[in-house]
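This report concerns only the one structure given below.
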């Protein structure tokens, strides 16, 4: 690839000085143990993908509390053992000269009801609306519940910083709890948390304010998926004005970045991508915007160099970062990308398809050469 591409120009993102604009997306992999603690081999997984110095990585979605764990084998950040495991991961990423934000989530009605019931926890959401017709009906969260959740996000953010993270990303996308408040397809409340564009956005805004107060705006990013049609989302009438309002409110908080995601697949079926440019323009050019959604090296370069040339665009990769731990190097050097194996994306507590994708020969040769020069 042309070395003059903006993909390989430095960028300040919050407190992080990135050397390039090829980022790793948050990727749920189900490799944590049954107590939501990262397995020891997760250190190698993240360190591998941090091997190109100056890379920006965001962790898999991480539960803010025991009550918010919607699935088995996803990591958490509510106790000392989890913090300790994450700190070892963050330290290894920093040793590679790269940066790591922890993505925080609560699942709401997207959780597996049986998983919550096994811990005697509520299956709850913004409203008593099932994710699909005939599905489990969640309990509507009370005012007290909502304030408790806002506080728990802030507590989780503080623990993430204690774990050595460079910042946190709020998962406000893909039909999970924050998104369940933002979109009218789920949120049918008539109190201050629903019934209008401003009220539906209130939960996302208040959660963001709480984590900003806890750790600082330059340590906070937010992920949105305005066009996402998974888990019952993307069908509301005022979708564009809803997300334009939310983006404008987030913009005024001075956050480290905004992430905009497109859903490339729904139930194994490829989807046509909607245009996120309206939200990029609303966000503006003063702070970074991360874009993700099935990019390859060619389309990533076009986004950075042509379509969003006037913006601090960072292109985030998911699947290709799974199968190419040296992805930024491969893209810059024009090295072919390895194919990924979908069958091992979500294999619980398994090293297969997790830490066994090889580095390119070219990367290993350059790395070996630089190591020799230091001796």
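For all residues, glycine too, the Cβ spot is worked out from N, Cα and C.
The FMN binding site annotation in Swiss-Prot covers 61, 103, 171, 223, 294, 319 and is backed by similarity to another entry. The Cβ of residue 61 (FMN binding site) lies under 8 Å from the Cβ of 26, 28, 74, 103, 104, 105, 171, 176, each on the same chain and at least six residues away in sequence.
Swiss-Prot lists 176 with the feature active site, proton donor.
Under the DSSP three-state reduction, residue 176 (active site, proton donor) is assigned to coil, being neither helix nor strand.
Of the listed binding-site residues 171, 223, 319, the Cβ environment within 10 Å is emptiest of other Cβ atoms at 319.
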